[in-house]
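Some features that TrEMBL has for this protein:
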type	residues	note
TRANSMEM	15-35	transmembrane segment
DOMAIN	17-446	domain 'Major facilitator superfamily (MFS) profile'
TRANSMEM	56-77	transmembrane segment
TRANSMEM	89-122	transmembrane segment
TRANSMEM	143-162	transmembrane segment
TRANSMEM	174-193	transmembrane segment
TRANSMEM	264-285	transmembrane segment
TRANSMEM	297-313	transmembrane segment
TRANSMEM	333-352	transmembrane segment
TRANSMEM	358-376	transmembrane segment
TRANSMEM	388-410	transmembrane segment
TRANSMEM	422-444	transmembrane segment
COMPBIAS	454-472	compositional bias 'Basic and acidic residues'
REGION	454-504	region 'Disordered'
COMPBIAS	488-504	compositional bias 'Basic and acidic residues'
Amino acid sequence: PPANAGRAPGPPDGGWGWVVVFGAFISIGFAYAFPKGLAIFFKEIQDFFGTSYSEIAWVSSIMLATTYGAGPISSILVNRYGSRPVVIFGGLLCGIGMVSAAFCTSILQLYICVGFITGFGLALNLQPSVIIIGKYFLKRRPIANGLAMAGSPVMLCTLAPLNQFLFDNFGWRGSFLILGAILLNCCVAGALFRPIGAATASVKTQATEEGKAAPKEEVTKDAMEMSSPMNVPMDTKMEEEGGKDCCEKINQYLDFSLFKHRGFLIYLIGNVLMFLGFFAPIVFLAPYAKHIGIDEYSAAFLLSILAIVDMIARPTTGIVANSKWVRPRIQYFFSFSIAFNGTCHLLCPLASGYTGLVIYSIFFGLAFGMVCAMLFETLMDLVGAARFTSAVGLVTIAECCTILLGPPIGGTLIDTFGDYKYMFIKCGAVMVLAGTFLFIMNYYNYRMLAKEEKERKAKEEDPKSVRTDNEGRNNWNKETVQDGPELEPLREEREGLKKEVNGT
C-alpha cells in the first residue's frame with residue numbers, strides 16, 4: 001500500500017501547535033512540581049495528626065508512585081479516547097482529590113485523597129501532554145519538548161512561595177481547597193489539545209484501490225500486517241475484536257511487542273538504572289547544606305538556583321538538540337547529559353562551603369535540565385510517533401520502582417555512615433554507569449541499524465535475489481510436501497499465482 005495510507009495529516013510544526021505546547025507546559029509543570037511543593041505542609045499535618053515524619057512522607061511517595069505507575073492506564077486511555085478528554089478528566093480528578101483532602105480526619109484518608117486520587121489525576125496529565133506534542137511537531141519537536149518540559153521548574157519556582165503564602169494565611173486545610181481549584185486549570189490546558197483527525201475518506205479510497213491492485217490473498221495479507229490497527233476498516237475491526245481474547249485486546253492499546261525492539265530495550269535499561277540516582281540529590285541538597293552549617297534560608301535558596309538554571313537549560317537544550325549536528329545522533333547527547341549529571345554528584349562532596357554548593361547547584365541544574373528536556377524526545381526518536389504512546393506507558397511503570405527506591409537507599413547510606421557524601425557518590429556512580437551503558441549500546445544500535453538499512457537497499461536494488469528467495473522457498477515446499485494427485489489443482493493454482501505476480 002502507499003506509504004501514507006490511513007495516516008493522519010503531517011505534523012504542522014507550528015500554528016496551533018504552539019498553543020498545544022503552552023497547554024503541555026501547564027500540565028507537565030503541575031505533574032512534576034506539585035508533589036515537591038506539598039512538602040511545605042507536611043510539618044503542620046504531622047503535628048495535627050500526631051504521626052511520624054516517615055508516615056507523612058508516604059503521602060508524596062504514594063503520589064509519585066501512582067503518577068508513574070499509572071502510565072500504562074494513561075496510555076490505554078489516550079489510545080482509546082485521545083489526549084484532550086484524558087487530560088480534562090485528569091484535571092477533574094486532581095481538583096476532587098485536593099478538595100477532598102481538606103476534609104480528611106486521618107492520615108489514611110490523606111493517602112487515598114492526595115496520594116492515589118490526585119496522583120492518578122497527575123498521571124492522566126503527564127503522558128497525554130507529551131504524546132500530543134509528537135503529533136503536532138516533527139522538525140521542531142526537540143524545541144517543543146524542551147519548552148513544554150520547562151513547565152516543571154517554572155511551576156516549582158511558583159508553587160513554593162505560593163504554598164508558603166497560602167499556608168501562612170489559610171492553614172493546610174484552606175490551602176488544599178485553593179490548590180484543588182488551581183489544579184482545575186489542567187482542564188483548561190487539556191481543552192487546548194485539539195486533535196489532528198485521521199484522513200478516513202482517503203483510507204476507504206486507498207483500501208478499494210489496494211483491493212484491485214493486490215495480486216492475490218498473500219499480498220493482501222502482507223499489506224495488512226504492515227499497517228497499524230487504526231488503519232483497518234471499521235467493519236473488519238469490529239468483527240476481529242469479537243474473536244480476540246483479553247490479552248490481544250490489551251495489546252491493541254498497549255504494544256507489548258516493544259519488548260522485542262532493540263532501541264527500546266536499551267533506553268529502558270539505561271533509564272531504570274539512571275533513576276536510582278536521579279531524584280535523591282534534589283531531596284537531600286537542602287538537608288546537606290544545613291548539615292554543614294548553612295542557615296535554612298540560604299539552604300532553601302540553593303533549590304531556587306537549581307530551578308532557575310533548570311528553567312533556562314531545558315528550552316536551550318531543545319534548541320541544541322534540534323540542530324543539524326546533534327539531531328541525527330541525539331542518543332549520544334542524551335548519554336552525555338546523564339554522565340555529566342553523575343559527574344556533578346561525584347564532585348559535590350568536594351564543596352565544603354556555601355560558594356561551592358552554589359557552583360554545584362548551577363551545574364546540577366544545567367545537567368538536570370538537559371536530561372529532562374530529552375527524556376521523551378530520545379524515546380520518540382527510537383520507537384517513532386506511532387508507538388510512542390505505548391512506549392511511554394511501559395517505561396514509566398518500570399521507572400516507578402527505581403524512583404521510589406532511590407531516595408530511601410540514599411537515606412539508608414546517610415543513616416549508616418552519618419555523612420551525606422556517600423549518598424552523592426552512590427548517585428553519581430550510578431548515573432555515570434547509566435550514561436556509559438547508553439553510549440556504548442546506542443553506538444551498537446546505530447551500527448546495526450546502518451547494517452540493516454544497507455542490506456535492505458541491496459535487496460531492493462537486486463530483484464533477482466528476492467526472486468531467488470521466493471523460488472528457494474517454493475522448492476523447499478515442494479520437497480517437504482508429499483506430491484499426490486489430490487494436490488494437482490493446488491499446484492496449478494500456485495504456478496498461476498507465481499506467473500501473475502512476476503508479470504505485475
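Using the three backbone atoms N, Cα and C, a Cβ is placed for every residue, glycine included.
Remember, predicted model here, so these are calculated numbers, not experimental data.
Against the transmembrane segment (15-35), the recorded stretches 143-162, 174-193, 333-352, 358-376 differ in Cβ pairs under 8 Å, and the greatest number is found for 143-162. Confidence across the domain 'Major facilitator superfamily (MFS) profile' (17-446), taken as the mean pLDDT and rounded to a whole number, stands at 79.
Only sequence-distant pairs (6 or more apart) were considered; of these, fewer than three Cβ pairs between the transmembrane segment (174-193) and the transmembrane segment (333-352) are under 8 A, so the stretches are not in contact. Annotation: stretch 358-376 has the most Cβ pairs under 8 Å to the transmembrane segment (143-162), among 56-77, 333-352, 358-376, 388-410, 422-444. Long-range Cβ contacts of the transmembrane segment (333-352) within its own chain (Cβ-Cβ under 8 Å, at least 6 residues beyond either end) map to 270, 274, 277-278, 281, 292, 317, 320-321, 326, 359-360, 363-364, 367-368, 370-371, 374, 378, 420-421, 424-425, 427-436, 438-439, 442. Cβ atoms under 8 Å from those of the transmembrane segment (422-444) belong to residues 263, 266-267, 269-271, 273-274, 276-278, 280-281, 284, 288, 331-332, 334-349, 406, 409-411, 413-414, 416 of the same chain, restricted to positions at least 6 beyond its ends. Same-chain neighbours of the transmembrane segment (358-376): 130, 142, 145-146, 149-150, 152-153, 271, 274, 278, 281-282, 285, 302-303, 305-318, 321, 330, 333-334, 337-338, 340-341, 344-345, 347-348, 351, 392, counting only residues six or more beyond its ends whose CB sits under 8 Å from a CB of the stretch.
Non-local neighbours of the transmembrane segment (89-122) in the same chain are 30-31, 34-35, 38, 45, 49, 51, 55-56, 58-59, 61-67, 70, 128, 173-174, 176-177, 179-181, 183-190; each lies 6+ residues outside the stretch with a CB under 8 Å from one of its CB atoms. Sequence-distant contacts of the transmembrane segment (56-77), counting only residues of its own chain at least 6 positions beyond either end whose CB sits under 8 Å from a CB of the stretch, comprise 31, 35-36, 38-39, 42, 45-46, 49, 86, 107, 110-111, 114-116, 118-120, 122-124, 126-128, 250, 253-254, 389-390, 392-397, 399-400, 403-404.
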